[in-house]
Amino acid sequence: MEPLFPASTPSWNASSPGAASGGGDNRTLVGPAPSAGARAVLVPVLYLLVCAAGLGGNTLVIYVVLRFAKMKTVTNIYILNLAVADVLYMLGLPFLATQNAASFWPFGPVLCRLVMTLDGVNQFTSVFCLTVMSVDRYLAVVHPLSSARWRRPRVAKLASAAAWVLSLCMSLPLLVFADVQEGGTCNASWPEPVGLWGAVFIIYTAVLGFFAPLLVICLCYLLIVVKVRAAGVRVGCVRRRSERKVTRMVLVVVLVFAGCWLPFFTVNIVNLAVALPQEPASAGLYFFVVILSYANSCANPVLYGFLSDNFRQSFQKVLCLRKGSGAKDADATEPRPDRIRQQQEATPPAHRAAANGLMQTSKL
């Protein structure tokens, strides 16, 4: 099985085993023979269900951020870009479902290249947005006053734009090499040596598109926990409740993100060292880890929306579940730039250092 992006299908080398390590001819890598029965129907149905859930949840996030003026905070700008990336990421699933149902790619080489490139761009953008959000959370919690000059909507927009541009640059190999194979599937057609190019690509995407961002995320939240624990000792029970909320958010964000993507990259990396057997179980494993990686986009509206009181109230307003004016002011950890300046002017210098350690952090 060749390591690939989720938008492609699991592939086995049609030539000798030597081709997997760079030797042999450059014969087409084709998908596994379609399995009769439940899987041929179940996999496309699962793809479409994940697509519907992801599109619905992330579209709702986009709408409430754009609809309510008070939702346009720095953090929500990152959440908006994450939701846009997830929506575009979900749009590739109907094509993937069709290919798996029909056992070939019926949309032509141009759309194959476009879908795989967009899939790569939005995968990277989602990870980078999550990383930038974690850095922003670190600044908001650990340095709430001194970071005010950097935590502005303009800076957030520039950082988000940089994430999109960087993602496009990192996805250029897919734009260049994605094509319809002889077997009729949409895949990456690497030049000689095929095995070396494939191995370099999967290591490149795993390190820069998963493990390095995850390391940054873990470091940011570790520093947040250290800061909250240190502050919690001084401010008593209320602060300890905030500490528990931050810790819970850390666990949810890191574990769900890692849990959804780690199996996919693990399967691909293991396959570099030990070729997975050409049997239905391997194809089933691959389909499972691909669906799990897409399911992370369904979880994002829950992680970054429903755990926020402001998002929850906005969702209820939009869905007509309650009466009200929509979102309240920004989260307590998300003071608007003008409020930060007013705080700094009104707060005596002797108390500003204490404010850095005691600012409310219960709503992330």
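Every residue, even glycine, has its Cβ placed from backbone N, Cα and C.
Going by Swiss-Prot, these are the annotated features:
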| type | residues | note |
| --- | --- | --- |
| COMPBIAS | 327-342 | compositional bias 'Basic and acidic residues' |
| DISULFID | CYS112-CYS186 | disulfide bond |
| CARBOHYD | ASN13 | N-linked glycosylation site |
| CARBOHYD | ASN26 | N-linked glycosylation site |
| CARBOHYD | ASN187 | N-linked glycosylation site |
| LIPID | CYS320 | S-palmitoyl cysteine |
| MOD_RES | SER325 | phosphoserine |
| TOPO_DOM | 1-38 | topological domain 'Extracellular' |
| TOPO_DOM | 102-113 | topological domain 'Extracellular' |
| TOPO_DOM | 179-197 | topological domain 'Extracellular' |
| TOPO_DOM | 274-283 | topological domain 'Extracellular' |
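Annotated features, which come from Swiss-Prot, shown on the structure.
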{"residue": "CYS112", "record": "disulfide bond", "DSSP (3 states)": "helix"}
{"residue": "CYS186", "record": "disulfide bond", "DSSP (3 states)": "strand"}
{"residue": "CYS320", "record": "S-palmitoyl cysteine", "DSSP (3 states)": "coil"}
Cα separation, CYS320 (S-palmitoyl cysteine) to CYS186 (disulfide bond) (Å, whole number): 42
CYS186, CYS320 as recorded positions, winner by CB count within 10 A: CYS186
Sparsest Cβ surroundings (other CB atoms within 10 Å) among the recorded positions CYS112, ASN187: CYS112
Nearest-integer angstrom distance between the alpha carbons (Cα) of the residue listed as 'S-palmitoyl cysteine' and ASN187 (N-linked glycosylation site): 44
Rounded distance in angstrom between the Cα atoms of ASN187 (N-linked glycosylation site) and CYS112 (disulfide bond): 8
Surrounding residues of the topological domain 'Extracellular' (102-113) on its own chain - C-beta under 8 Å, 6+ positions past either end: 31, 34, 95, 174-175, 178-180, 183-186
DSSP-assigned states of the topological domain 'Extracellular' (274-283) in counts, ordered helix, strand, coil: 4 helix, 0 strand, 6 coil
